[in-house]
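Enquirer: According to TrEMBL, the protein has these features:
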type     : residues : note
DOMAIN   : 1-408    : domain 'Major facilitator superfamily (MFS) profile'
TRANSMEM : 36-56    : transmembrane segment
TRANSMEM : 63-83    : transmembrane segment
TRANSMEM : 89-111   : transmembrane segment
TRANSMEM : 123-147  : transmembrane segment
TRANSMEM : 167-189  : transmembrane segment
TRANSMEM : 221-246  : transmembrane segment
TRANSMEM : 258-277  : transmembrane segment
TRANSMEM : 289-309  : transmembrane segment
TRANSMEM : 321-337  : transmembrane segment
TRANSMEM : 358-379  : transmembrane segment
TRANSMEM : 385-404  : transmembrane segment
Amino acid sequence: MIKPRKFTVITKSRKHCHLFKEITEFTGIDADFDLIANWGVVGTVIFLPVGLWLLMKFGLRTVVVSGASLGFVGAGLRCLPLGENLKYAIHVGQILIGIGSSAVVGVAPYISSAWFPSKERVFATGLMLLSGNLGGSLAYVLGPYLVEVPHNSSNSSSDTTTIRCQILNYMYLNFGMIAFVFLLMLIYFPSKPPSPPSHSAALIRLDFVTSIKSLIRNRTYWAIVIVFDGVVGSFMAWWGIMPVLYADKEISETTSGWIGAALVLFGTIIGSAIGRLADAIPSHRTKVFLITLVLSYISCLYIVVMSLNWIPVIPFKFSEIGLWVSSMIAGVSVYALQPVTMEMAVDVAYPVGEGVAGYVLMWITMLMNVIFFSVLSVIKNQDTAFYMMFAFLTSALPFAFFAIPKTYQRLNIDINVADK
């Protein structure tokens with residue numbers, strides 16, 4: 001559960017940026033909020049290779065606890081009562097959170113392989129990924145609930161004091177949750193179980209250099225990466241800034257927050273069930289992948305078409321009901337696709353280690369998010385996000401055929417041993 005919590009911290013920095021921006025403009029504090037919102041993702045992209053090295057050199061406990069400690073310090077810095085100088089602490093805090101996230105952002109398939117048998121790996125990976133998204137959905141609800149965002153230019157001293165207190169309370173709560181999880185990890189977080197849960201988990205993986213060379217030559221793996229980033233990556237980028245994108249479409253921040261939270265909740269429940277199904281019928285895993293991929297493509301493309309009003313007739317004309325329905329379908333489809341695709345990637349990469357395959361996959365995803373948010377920082381138009389989402393989706397579509405594995409090497413090893 002630790003890895004997705006850190007992934008949530010990355011997306012959470014972007015989710016909160018619109019809240020910070022409006023409030024601090026009201027209170028008179030000036031800062032580069034686009035930069036603040038991007039620090040988490042940028043820090044992850046830059047330092048993710050360091051996280052992978054720590055994982056391979058020192059093991060799971062070291063990399064997870066070190067990443068969580070940086071997140072703990074970063075969240076604490078954002079709570080300091082520094083007045084006008086708080087913006088500098090926020091910058092540093094976001095940088096530390098990004099660096100800490102880089103240590104654990106791709107560790108989910110590594111944990112599922114080290115701790116769970118082959119018949120539970122997709123389900124375990126899904127729970128780790130999706131439980132972190134639940135934390136992100138909580139941020140969607142708590143932000144508007146705990147902090148009253150001003151909607152006018154009136155900034156009396158009493159209003160300013162009230163809002164600053166609300167912000168601090170919000171930060172204290174955020175810091176408290178991170179501190180609690182960090183404390184639990186310090187008390188007990190072993191690197192591996194007493195005995196391997198499967199035959200493949202006990203086998204030696206390739207070293208780092210050989211792994212990278214093997215991945216470069218693995219065309220199926222890269223096709224899976226492109227499809228994953230085109231669908232899951234673009235969806236997560238859209239989800240992370242949903243309140244900003246629909247602010248000019250008469251969708252309130254509170255409504256956007258509830259949509260974002262609801263799609264994660266339903267996506268987590270149904271997505272976990274589909275992950276369990278993929279484990280129960282391993283011979284049909286490719287079919288599960290294709291079904292969830294098609295549903296994800298259709299629902300995400302519908303969101304783009306509806307949001308840009310390309311077809312201004314019902315049911316393609318933008319509406320709040322349409323946004324609710326399409327978001328729920330997209331959430332269920334994408335959150336079901338995410339763990340299945342990640343497990344496919346590490347299976348076709350075998351005997352490359354799950355850590356290397358998972359980290360490279362997530363590094364490309366974070367790099368795509370950097371491009372996504374950097375373009376939005378330059379082009380101040382919300383519709384740009386939908387055009388980029390459309391570009392990523394359509395660019396990845398031709399690779400879907402090549403992403404279908406001919407065989408699941410790691411899974412077949414465990415199945416053959418179990419049959420004997």
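All positions are counted from 1 along the displayed chain.
Cβ coordinates are placed from backbone N, Cα and C, and glycine is handled just like the others.
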Enquirer: For the transmembrane segment (289-309), which stretch among 63-83, 221-246, 258-277, 358-379, 385-404 has the most Cβ pairs under 8 A?
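Expert: Highest pair count goes to 385-404.
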Enquirer: Is the transmembrane segment (321-337) packed against any residues at least 6 beyond its ends, judged by a Cβ distance under 8 Å, and which are they?
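Expert: Result: 126, 129-130, 133, 231-232, 235, 246, 251, 259-260, 262-264, 266-268, 270-271, 274-275, 288-289, 292-293, 295-296, 299-300, 302-303, 306-307, 315.
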Enquirer: Counting CB pairs under 8 Å, which listed stretch among 167-189, 221-246, 358-379 touches the transmembrane segment (385-404) the most?
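Expert: Between the stretches 167-189, 221-246, 358-379, 221-246 has the largest tally.
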Enquirer: Pairs of Cβ atoms less than 8 Å apart decide it: which stretch in 167-189, 258-277, 358-379 has the most with the transmembrane segment (221-246)?
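Expert: The listed stretch sharing the most Cβ pairs with the transmembrane segment (221-246) is 358-379.
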Enquirer: Which residues of the chain, 6 or more past the ends of the transmembrane segment (358-379), have a CB below 8 A from one of its CBs?
Expert: 10, 14, 34-35, 37-38, 41-42, 44-45, 48-49, 51-52, 55, 105-110, 215, 224-225, 228-229, 232-234, 236-237, 241, 342, 345-346, 385, 388, 392
